[in-house]
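Visitor: Feature list, courtesy of Swiss-Prot:
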{"type": "DOMAIN", "residues": "11-127", "note": "domain 'Arf-GAP'"}
{"type": "MOD_RES", "residues": "A2", "note": "N-acetylalanine"}
{"type": "MOD_RES", "residues": "S140", "note": "phosphoserine"}
{"type": "MOD_RES", "residues": "S146", "note": "phosphoserine"}
{"type": "MOD_RES", "residues": "S240", "note": "phosphoserine"}
{"type": "MOD_RES", "residues": "S312", "note": "phosphoserine"}
{"type": "MOD_RES", "residues": "S334", "note": "phosphoserine"}
{"type": "MOD_RES", "residues": "S340", "note": "phosphoserine"}
{"type": "MOD_RES", "residues": "S364", "note": "phosphoserine"}
{"type": "MOD_RES", "residues": "S368", "note": "phosphoserine"}
{"type": "MOD_RES", "residues": "S432", "note": "phosphoserine"}
{"type": "MOD_RES", "residues": "S433", "note": "phosphoserine"}
{"type": "MOD_RES", "residues": "S513", "note": "phosphoserine"}
{"type": "REGION", "residues": "143-202", "note": "region 'Disordered'"}
{"type": "REGION", "residues": "218-241", "note": "region 'Disordered'"}
{"type": "REGION", "residues": "397-420", "note": "region 'Disordered'"}
{"type": "ZN_FING", "residues": "26-49", "note": "zinc finger"}
Amino acid sequence: MAAEPNKTEIQTLFKRLRAVPTNKACFDCGAKNPSWASITYGVFLCIDCSGVHRSLGVHLSFIRSTELDSNWNWFQLRCMQVGGNANATAFFRQHGCTANDANTKYNSRAAQMYREKIRQLGSAALARHGTDLWIDNMSSAVPNHSPEKKDSDFFTEHTQPPAWDAPATEPSGTQQPAPSTESSGLAQPEHGPNTDLLGTSPKASLELKSSIIGKKKPAAAKKGLGAKKGLGAQKVSSQSFSEIERQAQVAEKLREQQAADAKKQAEESMVASMRLAYQELQIDRKKEEKKLQNLEGKKREQAERLGMGLVSRSSVSHSVLSEMQVIEQETPVSAKSSRSQLDLFDDVGTFASGPPKYKDNPFSLGESFGSRWDTDAAWGMDRVEEKEPEVTISSIRPISERATNRREVESRSSGLESSEARQKFAGAKAISSDMFFGREVDAEYEARSRLQQLSGSSAISSSDLFGDMDGAHGAGSVSLGNVLPTADIAQFKQGVKSVAGKMAVLANGVMNSLQDRYGSY
């Protein structure tokens, strides 16, 4: 493998190539003193146009600096020697490529043919000359004295003039007509050959000068075009923008189509999963109906009264796969049961029967409701199964002795107790939170309640003040008012109504849970 050229050889070669007039301007824009080169086309470019060529890709144009890069190889140097701005301009013009847009110009058929031609010429020059710095056709790039010297050598070689005629060949071309007359006058026998030979040399020099002038004209024209075009940013044409816009529209359509396909697949998978879920719900509903049918009469009535009897509910239902239907609101069974419980609790005798046994329901929801309404011993489901003691007047505890965690449940039935609070404290000038929530001591509360009752009377007795009402009433008339003071009766009624409110809230929670779980049927 041949050794790579050193830095001195590279600088010498490019100094000579850039001395050619056509290589002193940029090939694309005509800017002066280009310092970059496209090895693919063998042309010299300015720094702006070199950036445009880099954006095209190395498969279209390979760019290197003639001053900064020192890793040139012999094949790349041969491509620059066989190329040149003049040869590239003539080739593109000959094949009808006059486009100014770089993308259009270097993707054309003419650019492809010229790339192949430069590659072939560079390979041939490398195989012929090897590591020699100069090649044969470099003589056309040197100054004009070399052809004249060759012509003079040619004439001296063939005419063999005498020694005294030698000084006549040394002057420049402007003094050549005088020696021609002398030679024609001195050597008469050789007049014909000498005249012909001397007559050909001026023609050759004239032709050479005309070719040089012809080469300068395109360079001047390019300089004018470069001055009009200005910076490289003005090379972008409307065609490139339209092409980019078209590509963007195609990409947008493709993205929309992909999004639509993905959405369609998601909908199909959702419909399939909904069908499976609906089938599972149908199977579960049939199982629950069978369980409910196997219940005995009393338990079945209790389940239907609490809203757990799915068979007795309305047969109107809808599927998740069918169209939606408007379902009219019906009065829940739990509301009727709660109202009936309130009516039953108004009578003291029926209070001993107790609430229904929720442990007997077919859905085994006792633990969930026990955890929802707090773990109170009085409302636990395990305690419901035990035999409840008979409720008497002495077994009723005051509000202050009850568990504090029940107040969270009582807050939910505050709407039912608001009317009682208004009636209780209607005549009071000021009340406290202990009075409102019943957190006062029993004796103090009873004394205050008696004072409030006797505030409007004109005269009072000790029996009225201390609650000794035996003398006022007959012995035969025994009632709840005779057994309990007025304050205790109010507390008893309030306790009964609070219990009824709790039962209503609990029944409502049972109904809501059943509707949430089995409402899709």
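Including glycine, each Cβ sits where the backbone N, Cα and C put it.
Bear in mind that the values here come from a model prediction, so they are computed numbers and not experimental data.
Could you place the listed features in the three-dimensional structure?
Guide: Classification of S240 (phosphoserine) by DSSP places it within a helix.
Under DSSP, S432 (phosphoserine) is assigned to coil, being neither helix nor strand in the three-state scheme.
Counting every protein chain shown, the number of other Cβ atoms lying within 10 Å of the Cβ of S433 (phosphoserine) is 7.
In the three-state DSSP scheme, S513 (phosphoserine) falls into the helix class.
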Visitor: Ranking the modified residues S240, S432, S513 by other Cβ atoms within 10 Å, which is at the bottom?
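Guide: Checked S240, S432, S513; of these modified residues, fewest Cβ neighbours within 10 Å: S432.
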Visitor: Specify the nearest of the modified residues S432, S433, S513 to S240 (phosphoserine), where nearness means the distance between Cα atoms.
Guide: S513
Visitor: Could you state the CA-to-CA distance between S513 (phosphoserine) and S433 (phosphoserine) to the nearest Å?
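Guide: Taking the Cα atoms only, S513 (phosphoserine) lies 35 Å from S433 (phosphoserine).
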